[in-house]
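Under the heading GTP binding site, Swiss-Prot lists 12-19, 59-63, 121-124. Residues or ranges marked as domain 'Era-type G' by Swiss-Prot: 4-171. According to Swiss-Prot, the domain 'KH type-2' annotation covers 202-280, on the basis of sequence analysis. Taken from Swiss-Prot, the feature region 'G1' applies to 12-19. If you look up Swiss-Prot, you'll see 38-42 marked as region 'G2', on the strength of sequence analysis. Sequence annotations record features per position, and here Swiss-Prot assigns region 'G3' to 59-62. If you look up Swiss-Prot, you'll see 121-124 marked as region 'G4'.
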Amino acid sequence: MAYRAGFVALIGRTNVGKSTLLNAILKEKVAITSPKPQTTRNTIRGILTTEDYQIIFVDTPGIHKPKSKLSEFMIEVAKRTLKDVDLILYMVEPDTSIGPGDRYILDNLKEVDTPVILVVNKIDLVPAERVEEAIKVFKSEYNFKDVVAISASLGTNVEVLKEKIVSFLPEGPRYYLDDYITDQPEKLIVAEIIREKMLYFLEEEVPHGVYVEVESIKEREDKEIVDIDAYIYCEKESHKGIIIGKNGQMLKKIGQAARQDLEEFYGKQVFLQLWVKVRKGWRDNEKLLRKLGYAIDK
């Protein structure tokens, strides 16, 4: 049996479960997950390598109407991804009608030649009849190569989906070494873990107006300890107060939760220090967005 390797895009509306699926397949926390929309900013590659195949997953930001330079970047990344991969997984919820968000995505899919598998997620939340009806509705709009109904959070049919993905991969050598799980820089992984905790603990408006910049990551020579210094930047003074919280309790809660995940990631004790600063209008600052890795090459 020839070795197979290829790139697979995860695409869909915000919050349909793309990152949850990626993490379930890889058994590692690679993509940031949260119940709030627009939580994935960077194109994150999760890499699954076996003796027979290698799948490089590209987890795109959700497509939505742009409201800032940052969201324009997110949408441009998602649209370009469609043309640069071997297979697209189009993830939807079991809706019995197609809303404007999915209509916009379907229109974009019709502009590319890449094969598409329809992945209907969250089947554990609705009756089977509704799942079947949703599949009929979406199949009437697009000629999908295959359809798989799953529950990413429970792992239902995830292995079935994995087998179907492999069948679409081209024959060829692996792109990454066996022990690679993601090609994200270390500081980006740390920053995303911290930002994920803010998404869980803070009010709806605040987390999407923040970014995390990791100043330093140092391993102590004499002890099994990793020292991490990071800055949380927000757009408003009022947001700074919310992030810090009364007597610093909210920042402490964010730091403790992030530290637990970071200690699991590093396999050793982590000493995490967080600071909060205000940087007004950062989401429309092209120079800063480019520095943070959000810029699109024209």
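Just so it is clear, glycine is given a Cβ too, placed from its N, Cα and C backbone atoms.
Thinking about packing and proximity, how do these listed features fit into the structure?
Around ILE123 (GTP binding site), the C-beta neighbours below 8 angstroms that are at least 6 residues distant in the chain are PRO94, VAL131, ALA149, ILE150, SER151, THR156, ASN157.
Confidence in the domain 'KH type-2' (202-280), given as mean pLDDT, stands at 87.
Broken down by DSSP into helix, strand and coil, the region 'G4' (121-124) contains 2 helix, 0 strand, 2 coil.
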Helix, strand or coil at LYS18 (GTP binding site), per DSSP?
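Assignment for LYS18 (GTP binding site) reads helix.
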Among the binding-site residues listed here (ASN15, LYS18), identify the one with the smallest other-Cβ count within 10 Å.
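Per-residue Cβ counts within 10 Å for the binding-site residues ASN15, LYS18 bottom out at ASN15.
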Based on DSSP, tally up the residues of the domain 'KH type-2' (202-280) by helix, strand and coil.
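Within the domain 'KH type-2' (202-280) the tally stands at 32 helix, 30 strand, 17 coil.
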